Structures are given as structure tokens and as C-alpha cells.
Amino acid sequence: SVGFKAGVKDYRLTYYTPDYETLATDILAAFRVTPQPGVPPEEAGAAVAAESSTGTWTTVWTDGLTSLDRYKGRCYHIEPVPGEENQYIAYVAYPLDLFEEGSVTNMFTSIVGNVFGFKALRALRLEDLRIPPAYSKTFQGPPHGIQVERDKLNKYGRPLLGCTIKPKLGLSAKNYGRAVYECLRGGLDFTKDDENVNSQPFMRWRDRFLFCAEALYKAQAETGEIKGHYLNATAGTSEEMLKRAACARELGVPIVMHDYLTGGFTANTSLAHYCRDNGLLLHIHRAMHAVIDRQRNHGIHFRVLAKALRMSGGDHIHSGTVVGKLEGERDVTLGFVDLLRDDFIEKDRSRGIYFTQDWVSMPGVLPVASGGIHVWHMPALTEIFGDDSVLQFG
């Protein structure tokens, strides 16, 4: 029963439930918790569960008007992180009804909205989420997916090759188009707008779209294969973004691009729906991801951002390169590359996968290896990423 004693109440009395059996419909989260000195890990884990679901800092009479048992998040398991002092993995189960269907925005607002500024925690990181089919089925997911993309491009059995046009800022639209033509004519499948190329004074978006489309069709005619240029539709408003996507559709180009973290999940999901309805592929750049995922003990791991993107919608997403980094990085990167491409991914802690994830029939996303790679990296990249990937040079 709800106690009405005045004052601050320990969260663990209500929200730490080690005997809880998780339901197939629960959304499960794994948090890396670093409590403040003197705060027991159970209290810290329960605080996260409470603050990201139904809890507040005291008992209020309106608690009696609803069923907390039905709606509260529960911290159901805590384990110390091996090799780290005062760090714990807290597992939290959220009832499905806490989340709006088909909204990545609402999912993140609930799970990571408030808790990260919490006084009882020194640091907090969301390491993984288990999205149940009951929830993932409320999302459209990628506009087309890997198989449909290959059919559209008529390119099979190999990674796709792309490059980013440089210098990324400062070229006129006509010279930019020239560079696109040379790259595509020379044998690349795709060229790419840089993520910062939107619509600046030296090159307005419509001029760029026209010259790139011209370059594309010329290269297609001369090579006899289908070519693409990721036209960056990211804009200051969602309406402007959709206007740019509509212009790309009218030009008949195969693919547009979006910066999904700076643009936001709501805008991204709208664009993904537009792309499916209008036969456009959607390339996703992850500008700003390191702000969120770089710290080991605070923020959100990229595998969560990647899962969220698969739900929100995108056909390609940048996912790091692995080349030249540590071995451990390689396994972790391959873990979230599998989460992007495969239907069913087994729990595997060595690859950072905390939960078994079943996507059922949601289309896959092509991982894009991009950032500081050159031709000598090719053998390593093809071995790491396999056929279903985009190797993006420049």
C-alpha cells in the first residue's frame, strides 16, 4: 500500500524489485550507473527506474488514483562492472504502456529525459535497449531496406562504393556538380554531400540539386549503371526539409540524406515516411553522435542510437570504421552493425550486446564505413563489414 509518511522516501522501497520476471512486452534498458559516494547501488538503480517512469521524490495522493504496479519502471538486476570501481550495470524494465506507439522521440524523452541530471548519480550511461516486437511493430522502420535498395540499384554481391565531395564548403554548384560527375563516371556508385552542406550563400540547395542531378544522369548514360548522389535535405525546419526531398523526387534522383541527430528524431521519422511513399532511399549521417556517445561512463552508447535509427527509419547509417582502432572496438562495432542489418541478434556481452534483440521483419540498414579511410584499408574493411555495407571514402 502507498504510505503517506511525509518527507523524502527511498526509491528502492518501490522501484528495486530483484524478483521481477520480465515480460516479453517490456522495454528493457541496461544503464551503467556511477553512484555518488555513500549512495548504495540499489538506490541508484531504483532512482533511475523511478525517475524515468512514474516516480517523483515523495509520495503524492494522486499515486492512489492509478496502478503503480502496472506503470512503474522496475530495476530488476544490478551487477558490478568488472575492472571498474564504483560502476554498476542496472537493468530496468519498463511496461509497454509508458510509451507512445511509433515515436522514438517519446521513447527517449521517457527513458533518458530527466535522469541524467540526477543528484544521486555521478554519471549515467544508457548501454543498450531491448525493443520488444510489440513496440517495434508500431514503427515503419527503414524506408526500403537492404534488399530493396540492391534491387533498385541492380548491384549485388559486393559492398557499395562512395565518396564525399571535397572541399566540403566553398565550391559553386556547377563546380560541385563537375566533381560529382567525375567521381561517378570513374566508377563509384555514390557521391555524398557533406553533412554541413545545407543551403549556404556560396551554394544554395536548389542549384546544387540541379547540377548534381545533371552530373548523375550524364554518368549513368555513359556507364550504363545506376548512380546516386546523397542530396542533403537537412534544413532549419521540417517543412523546408520535406520541400527539398520533394524537389529531389521531382528530379528523379534515387537517394536523399539527413543528419538525424542534429535534425532530430521527429523530423527524421517524417522524412523516412516521405521517402517510403515516394520511392527515395534515405542516407543517414550521425553528426553530433560523439557529443552523446563518446564518454565511457556517461551518455548513450551508439548501439542505442543505431537501434533508434532503425526504428525511426534510414537505409544507410554511418557506423564508424574500426580500421586502426583497438580490437575490442572491432567487436563492439560489429555488434551494432549486426543490430542494424540482421533480423535476430543473440545477447553477447563480449560484443556489448546486453539483450537478445528480435526485429521480426523490420528491414535492415546498410552500415556506412566512413571517416579517414583510403584504398589501403579496403582488405580490412571488406573483411570486417562484408558485402552488405557502403564504403565511403573522403
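Here the Cβ of each residue, glycine as well, is placed from N, Cα and C on the backbone.
Per Swiss-Prot, the feature N6,N6,N6-trimethyllysine maps to LYS5; the stated evidence is similarity to another entry.
The substrate binding site annotation in Swiss-Prot covers ASN114, THR164, LYS168, ARG286, HIS318, SER370. Non-local contacts of ARG286 (substrate binding site) by the CB criterion (under 8 A, 6+ apart in sequence, same chain) comprise ASP259, TYR260, LEU261, PHE302, LEU305, ILE317, HIS318, SER319.
Counting every protein chain shown, 11 other Cβ atoms lie within 10 Å of the Cβ of LYS166 (active site, proton acceptor). Under the three-state DSSP scheme, LYS166 (active site, proton acceptor) falls in the coil class. Sequence annotations record features per position, and here Swiss-Prot assigns active site, proton acceptor to LYS166 (among others).
Using a 10 Å radius centred on the Cβ of LYS192 (Mg(2+) binding site) and all shown protein chains, the other Cβ atoms total 30. Residues annotated as Mg(2+) binding site in Swiss-Prot, with sequence analysis given as evidence: LYS192, ASP194, GLU195.
In the three-state DSSP assignment, the secondary structure recorded for LYS192 (Mg(2+) binding site) is strand. Among the features that Swiss-Prot reports, N6-carboxylysine is placed at LYS192.
Its Cβ placed at the centre, HIS285 (active site, proton acceptor) has 29 other Cβ atoms within 10 Å. Swiss-Prot lists HIS285 (among others) with the feature active site, proton acceptor, giving similarity to another entry as the kind of evidence.
The feature site 'Transition state stabilizer' is assigned by Swiss-Prot to LYS325.
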Q) Fewest neighbouring Cβ atoms within 10 Å: which of the binding-site residues LYS168, HIS318? A) LYS168
(Q) Please report the distance from the Cα of ASP194 (Mg(2+) binding site) to the Cα of LYS168 (substrate binding site), rounded to the nearest angstrom. (A) 6
(Q) Rounded to a whole angstrom, what is the C-alpha distance between LYS192 (Mg(2+) binding site) and HIS285 (active site, proton acceptor)? (A) 10
Q. To the nearest whole angstrom, what is the C-alpha distance linking SER370 (substrate binding site) and HIS285 (active site, proton acceptor)?
A. 10
Q: To the nearest whole angstrom, state the Cα distance for the pair HIS285 (active site, proton acceptor) and GLU195 (Mg(2+) binding site).
A: 7
Q.
Tell me the Cα distance separating GLU195 (Mg(2+) binding site) from THR164 (substrate binding site), rounded to the nearest angstrom.
A. 9
(Q) Suppose the Mg(2+) site is LYS192, ASP194, GLU195. Which further residues of the same chain have a Cβ inside 8 angstroms of that site's Cβ centroid? (A) THR164, ILE165, LYS168, ASP193, ASN196, VAL197, TYR230, ASN232, MET257, HIS285
